[in-house]
Ligand code: HEM
């Protein structure tokens, strides 16, 4: 045997080591079961589409300047996307005659068109620059980050490489998302089941520093209100009386005109700041879920902290948003990079519904 030659037994074990190393690498590149987001990285597009973030920022800036409600709308769309089957752009799939999507869920009917329009514009610009490369799920994640910063909020890291969903359920959103009449118990349970702490629930609720809610979401606090003993009251007594009367006036005709809405943060509605928490202390919370964060002993200390310390809120909100953006993400064969954000690349699955000739 030549002195540099490796004995047969050793060759075999070396081969096994190499095979093991190779399969470990493949495993790391495979889709993550449960989608922990471990395979995502900030520079995912540095070679394939280096200007992606710049392009998204520019499109969002133009859109937000023309329609200042875009930031709030897009942030809510992102939350509704992530909490239902993970951050995978399943919320963007349009309903077709043959196949319903998350758009059809009651809770998603109020998602604003401007947010979807912003994504369409970003996708168009990206497809011109680097076709088929940037996923719609990454567009949503990056756009949310950019718009939060643009309206005065914190900047936080957005790891990239999400793939877009291959399905979109019309029933899941009403089950998976929180409703305005939930108790704090139920909120804590729902967020907890998805791995979010009480502190993250309170920090993320601070997103209600932006945007508005339609009257139907809080009308039961204003009209025919009954206290816990069943006694009628003029309005929910946890509300500041002038605020409650003002809202009664604004929402007077909401049944005839369901588009009437009020700002979530009455003091600084277009600015991302900690005023939402200051409002809660003063009885100026709009939704009962908002106000309850102030009454419940598990959440009240956090409301107090964020009301008095904007930096603590920004730090915790940024961290919680980064975590939200990694929730249930799809990589590898679990998803695809859609060519357009409102349809699967294969087109709508019609085969099962085409009637037999
Ligand atoms: C904690 C439980 C939550 C409940 C019960 C809740 C409920 C609601 C409701 C009922 C509206 C009004 C929708 C409408 O009438 O158009 C709304 C708006 C909004 N929500 Fe939440 N939400 C929650 C958490 C979150 C989270 C975690 C985020 C984001 C991180 C978020 C972001 C928003 C935004 C930005 C708006 C304003 C949307 C707009 O102006 O178009 N919400 N939310």
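One is the number of the first residue shown, and numbering goes on along the chain from there.
Just so it is clear, glycine is given a Cβ too, placed from its N, Cα and C backbone atoms.
Listed features, source TrEMBL:
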- 1-28: signal peptide (SIGNAL)
- 39-345: domain 'Plant heme peroxidase family profile' (DOMAIN)
- 49-130: disulfide bond (DISULFID)
- 76: site 'Transition state stabilizer' (SITE)
- 80: active site, proton acceptor (ACT_SITE)
- 82-87: disulfide bond (DISULFID)
- 136-341: disulfide bond (DISULFID)
- 178: substrate binding site (BINDING)
- 208: heme b binding site (BINDING)
- 209, 265, 268, 273: Ca(2+) 2 binding site (BINDING)
- 215-251: disulfide bond (DISULFID)
In terms of Cα spacing, which of the recorded positions 49, 136, 265, 273 are within 10 angstroms of residue 80 (active site, proton acceptor)?
none
Closest of 76, 82, 178 to residue 273 (Ca(2+) 2 binding site), Cα positions, recorded positions only:
76
Sorting the recorded positions 80, 130, 265, 268, 273, 341 by sequence and keeping only those with a Cβ under 6 Å from ligand 1 gives none
Return only the integer: C-alpha distance in Å from residue 268 (Ca(2+) 2 binding site) to residue 208 (heme b binding site).
11
For a quick check of understanding: among the binding-site residues 209, 268, which residue's Cβ has the most other Cβ atoms within 10 Å?
209
Under 8 Å Cβ to Cβ from residue 82 (disulfide bond), same chain, six or more residues apart: give me those in sequence order, or none if nothing qualifies.
324, 325, 327, 328
Quick one: of 265, 273, which of the binding-site residues has the smallest count of other CB atoms within 10 A?
273
Name the one residue among 130, 136, 178, 251 whose Cα is closest in three-dimensional space to that of residue 76 (site 'Transition state stabilizer'); these are the recorded positions.
178
Which site among 49, 80, 208 has the most other CB atoms no more than 10 Å from its CB, taking these as recorded positions?
208
Across all chains shown, how many C-beta atoms besides its own are within 10 angstroms of the C-beta of residue 76 (site 'Transition state stabilizer')?
21
Here are some disulfide-bonded residues: 130, 136, 215, 341. Which one has the most Cβ atoms within 10 Å of its Cβ?
136
Chain-internal residues, separated by at least six, CB under 8 A from residue 251 (disulfide bond):
215, 219, 222, 260, 262
Taking only same-chain residues 6+ apart in sequence, whose CB is under 8 Å from that of residue 87 (disulfide bond), what do you get?
78, 81, 137, 140, 141, 162, 324, 325, 326, 327, 328, 329
